[in-house]
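K.L.:
As annotated in TrEMBL:
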type	residues	note
DISULFID	B:CYS164-B:CYS313	disulfide bond
TRANSMEM	B:17-37	transmembrane segment
Amino acid sequence: MAGLAWKWPRTRLPVGASALGVFVLCWLYVFPVYRLPDEKEIVQGVLLQQGKAWRRNHTAVALFRKLLEECCDPGQLFAMTKLNSPMGKNLWFDGEFLYSVTIDNATYSLFPQATPFQLPLKKCSVVGNGGILKKSGCGKQIDQADFVMRCNLPPLSSEYSKDVGSKTQLVTANPSIIQKRFQNLLWSRKAFVDSVKVYNHSYIYMPAFSMKTGTGPSLRVYYTLEDFGAKQAVLFANPNFLRDIGKFWKSKGIHAKRLSTGLFLVSAALGLCEEVTIYGFWPFSVDLHGKFISHHYYDNVLPDSGFHAMPEEFLQLWFLHKSGVLRMQLEPCEDPFTQSSA
Amino acid sequence: MGYTDPSSSRDLLGNRTLFFIFICAFAVVTLLQQILYGRNYLKRYFEFYEGPLEYNSTKCLELRQDIIEVKVLSMVKQTELFDRWKSLQMCKWEMNVTEANLFKSTLSRCCNAPAFLFTTQKNTPLGTKLKYEVDTSGIFHINQEIFKMFPKDMPYHRSQFKKCAVVGNGGILKNSRCGREIDSADFVFRCNLPPISEKYFTDVGVKTDVVTVNPSIITERFHKLEKWRKPFYDVLQVYENASVLLPAFYNTRNTDVSIRVKYVLDDFESQQAVYYFHPQYLINVSHYWLGQGVRAKRISTGLILVTAALELCEEVHLFGFWAFPMNPSGIFITHHYYDNVKPRPGFHAMPSEIFNFLHMHSKGILRVHTGTCSCC
């Protein structure tokens, strides 16, 4: 007995401790400390707010703009320009771990002199691609804004124009789209040029310096549009701006590998525009009336899970809506029944 | 002052005297040489002014024989070959139909350009595993997309054109004023995207039916067409409706770049056709010329075009094919008519190729132009 006791002198305590540990882990798993409200709860919350009239809170707008100015300075840093990225500057990619490029003569010549907008912009519409836009009839209202921003080269054909409008001043394009839909622009380029014709005189905003793999396709978009003398111009996203915006939202409690393009755009819009209205930001599978909707207004391709934290982002935006910083359009702008009868 | 070297008068066959004698002997020999050659030059000069000699005159037969009997380039000194070639210029050139036909039938047996010059849907069906010319382990699988790029069948047939001009880029074309004579041909081949701007057109002409593009040019000057493409398109536009010919299946590096050329022209809605050399044709042609003594890593594009032209045309005229640092009169010339960038040494065997052309000229199979033109 004595030998055994000597062999296992501290057996009993660790068994108890690990049992306790397992118990705590299980408890945390079942009732987590940090827990996101699920879809139903969010919809309920939104519905509660729905009856109240929304009013822009100008002090809140000014305050939020000041916050953004302090952290990220959208007016200067929104895009890569000759002013904010002089030649020879070392540029750290925001989506890679320790990877940078130095701006050389060839790259430098692709940048505009300064951010090419008349700042501040008056009324802005930021259009997400959520399925909630389908049959919303918001096209007219979206087009009424002075400046319309869209995400990820969305389709704007005539069947959608009633719901999403037709005006565009800025559209983002993800390099992965260029890769998937246009074979990295290494072969035929006509299809791409034809597909961006719907955006008329708009800027195509590309995160060229976020991922290693994105630089080539993004620069090629520039070359292609220049070759064809297209009306669209390319703006390259500034990785420093994207990183600052990411940090800003992280401090507000968004846990994701990377923010979605939509949130980047909304943040930029809040810094650049006086009045911001956002459409189609609704990352859930049911609408306010409990009807199932598609993921995008044009298709139902679900994204890779675990990359973006859409519900968290939505909650942040919803908070901004409630505090009167921006307006979030979730209801249809026109009654679909009167729309169809008209 | 009264001092003189006492031994100086005795140094009859000393160093200084011997040295003096040597110098004198050398001078005399040089003088004699000059006199002899001078007379020769003088004679030839007068002969030239009697007007070009008839093709079948004994003198011309002799002169042609002079060149034909040089079997290997190293048999004679280069200056000697130049001299013989220069004297042959006195003679009119005529096609020797029997010789030419004999040669053409040899070519049709070995290479058969009218069927195999380009990759076509007929000779390269869908699913073919195309072998590269140099990367023997490399195989290119012809898929639907590539297959659609190929023409249905060869656009040219045997002896379709009466008179063809193959224009090399040799510096000999500079100030040759051959532009109009080149343009008067029914079909004009050009090599490696040569400039034909106003600066050069009196010498090289503008008519172009087929222009070859070396993928290395695309890689170097146009960033593999991965960046801007308009500059490349603009360069091709200069040749108007010329077809673009690329060695896409020469090695694996060339393929992507060459295929991109087709996309560029399609994107800009150009009417120009894009053709690709059939790798088997290239293999056959280089094998044939290896048998004729052209030992090189690779035969030049010019030689391939001339070989193809011999099958596609009745009469073939060569302009700007002269790969020596000086022209036949011994005056130094630039390497190309537009620049003086020397090629990589040991890649092409240019002198040996030109030597073959001179032989063929003497036999009456084709005509090599090395002088100035006074046509039209």
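Heads up, the Cβ atoms here are built off N, Cα and C, so glycines get one too.
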K.L.:
Test of understanding: give the count of other CB atoms lying within 10 angstroms of the CB of B:CYS313 (disulfide bond).
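P.N.:
For B:CYS313 (disulfide bond), the count of other Cβ atoms within 10 Å is 25.
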K.L.:
Do any residues at least six apart in sequence from B:CYS164 (disulfide bond), in the same chain, have a Cβ closer than 8 Å to its Cβ, and if so which, in order?
P.N.:
B:ALA185, B:ASP186, B:PHE187, B:VAL188, B:PHE189, B:ALA309, B:LEU312, B:CYS313, B:GLU315, B:VAL316, B:HIS317
K.L.:
Quick check: in three-state DSSP terms, what is B:CYS164 (disulfide bond)?
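P.N.:
SS state of B:CYS164 (disulfide bond) = strand.
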